[in-house]
Amino acid sequence: MHAIAPRLLLLFVLSGLPGTRGGSGVPGPINPPNSDVVFPGGSPVAQYCYAYPRLDDPGPLGSADAGRQDLPRRVVRHEPLGRSFLTGGLVLLAPPVRGFGAPNATYAARVTYYRLTRACRQPILLRQYGGCRGGEPPSPKTCGSYTYTYQGGGPPTRYALVNASLLVPIWDRAAETFEYQIELGGELHVGLLWVEVGGEGPGPTAPPQAARAEGGPCVPPVPAGRPWRSVPPVWYSAPNPGFRGLRFRERCLPPQTPAAPSDLPRVAFAPQSLLVGITGRTFIRMARPTEDVGVLPPHWAPGALDDGPYAPFPPRPRFRRALRTDPEGVDPDVRAPRTGRRLMALTEDTSSDSPTSAPEKTPLPVSATAMAPSVDPSAEPTAPATTTPPDEMATQAATVAVTPEETAVASPPATASVESSPLPAAAAATPGAGHTNTSSASAAKTPPTTPAPTTPPPTSTHATPRPTTPGPQTTPPGPATPGPVGASAAPTADSPLTASPPATAPGPSAANVSVAATTATPGTRGTARTPPTDPKTHPHGPADAPPGSPAPPPPEHRGGPEEFEGAGDGEPPEDDDSATGLAFRTPNPNKPPPARPGPIRPTLPPGILGPLAPNTPRPPAQAPAKDMPSGPTPQHIPLFWFLTASPALDILFIISTTIHTAAFVCLVALAAQLWRGRAGRRRYAHPSVRYVCLPPERD
């Protein structure tokens, strides 16, 4: 009685520990045992179709044989067997093996499966059985013991061993081929198993024995709750300490070479029933939404599991190959936009009064038809253009077509420089995006003035003007007028004449040419009107436009024949004060000039001005004096040949040597003192005795 009580107490304690069937570590069957799981085609209930943890089988007892075993003398080769299904799910591939040892005898078994691809023969599962009953297939219940299950993929692996068969999840059209090696006593059974989903039947690569299977694979329902929360992952997938190979890489074996436990990178310590549940859980996580709890979906169409957020094992994107060879493989949003050809690059200096311009390396080709002036023979000759005195700023206006989208976009003010632009001044008046319409209404109401008798010489070297010869269809020649509207002939696409670049008057600001854009009604023709040139009423007179003031931005050519439609028809602009602008109003001589709105300063640093200045030269950046090297650093001369690091190492070596020398001297002195004291004690330990003969005493 006293011996039984401790055993009962120990059994009671062990029954409550985590990891046992009756404890709280791993729960029992949560769902009914396969009562709600059926094949989509109406086949019988599958005992392996579940996705929750079960502990129905006894656990493994130890590791498999570490050494690589040789092939037995007798090898039985089976014909390849293939199965094709219409839907996805879990499929049990059973090898065609019938003889399992002699009756009334025991045998040992070794089951190994390989996954075959075009370039690799990868071992995926390995298990050994011992003490199996003859006449029955090896399993955890018919054998006395079995080893851990070694896995070649994962974690966790998507395949599972069911006795001597292979449980495979299928969900895509790609066919999979497996090789099995089952050793039963002294016989080795070898063969191939093939499976696919989708299609009308076995494909061209299927074995001859492949046929359409009845029904279809089973689909496990999603378990309620979180049954795998209490199952440690080390049970069903842990690193194999005896693995000989590279981690996270397939282990490929030569043909007909048996695998050893050292060829598989992972090992599972859980029983077979738990590993089957892991395979079902992996399938529903990869191929089905997790919110469909307890719902058995209908027949899945072929290829329904290929896409979507739950598509299993998507192909690895080949970023390097796409970026190197295939331009279409690169995302167009990531690709940098190609810098187009601009008319000119403009920038503004915040410290100076006059804006500066940077030349563009690639000039814009302007067709001759676009630059040809529009002339109507029936139109009355208008007054010739006039010029301003040499000390005043000479400007030119060209009629261009501006779309409503372009007028709605605001752009920073800039001035087109004739000296820096490689095109003529007339070519600089092409339309562009991002510029407003600056037509003047007051110029259309003012009568023309008397032309000047002389024409000042041009000052531009890049845009040298050519004199215009008066003809029967042209207006009298004249230099560039400083008006905001068409002083020169407006270009049209149907005119055979060519445009002559205007001349610029000499002066302190003769290099700066302000370009104004006006809007004309397409389909009409007329003559260009000349704005007034009186100093008091001229919009760019000395009282209103001082030298160096910013001018309207130059238009930018965008290309396309539709932008030049109706341009240069010579129609007077509408009388609209909103389109006149502040710079084109007649100033009052008795009042100070109106305050001009401050120019919009660029917010980007020089050299990063966006599409307007792709080739803007940067100012030379000078490094601070403290960052500039003063001269070559003298090479360190070590105190000893073995000290080559730094002068600090020399000092540290000297200090350390001094300390150690002093310590050594102290130790030697202490040892000498102790030795001297011990020698003195030894000398006085045995004192010499002398006997002296005393004389006798006298009475």
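Cβ atoms are placed via backbone N, Cα and C, with glycine included.
Positions annotated as compositional bias 'Low complexity' by Swiss-Prot: 376-390 (among others).
Per Swiss-Prot, the feature compositional bias 'Low complexity' maps to 403-447 (among others).
The compositional bias 'Pro residues' annotation in Swiss-Prot covers 448-459 (among others).
Taken from Swiss-Prot, the feature compositional bias 'Pro residues' applies to 467-482 (among others).
Per Swiss-Prot, the feature compositional bias 'Low complexity' maps to 483-531 (among others).
Annotation source Swiss-Prot lists compositional bias 'Pro residues' at 544-554 (among others).
According to Swiss-Prot, the feature compositional bias 'Pro residues' maps to 589-605 (among others).
Taken from Swiss-Prot, the feature N-linked glycosylation site covers Asn104 (among others). In the three-state DSSP scheme, Asn104 (N-linked glycosylation site) falls into the coil class.
Over all protein chains present, the Cβ of Asn163 (N-linked glycosylation site) has 22 other Cβ atoms lying within 10 Å. According to Swiss-Prot, the N-linked glycosylation site annotation covers Asn163 (among others).
Per Swiss-Prot, the feature N-linked glycosylation site maps to Asn437 (among others); the stated evidence is sequence analysis.
Residues or ranges marked as N-linked glycosylation site in Swiss-Prot (evidence: sequence analysis): Asn512 (among others).
If you look up Swiss-Prot, you'll see 302-390 (among others) marked as region 'Disordered'.
Annotation comment: Swiss-Prot describes 403-632 (among others) as region 'Disordered'.
Taken from Swiss-Prot, the feature topological domain 'Virion surface' applies to 23-650, supported by sequence analysis. Within the model, the topological domain 'Virion surface' (23-650) shows a mean pLDDT value of 61, rounded to a whole number.
Sequence annotations record features per position, and here Swiss-Prot assigns transmembrane segment to 651-671.
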Folded-back contacts onto the transmembrane segment (651-671), same chain, C-beta under 8 angstroms, at least six residues removed: 639-640, 643
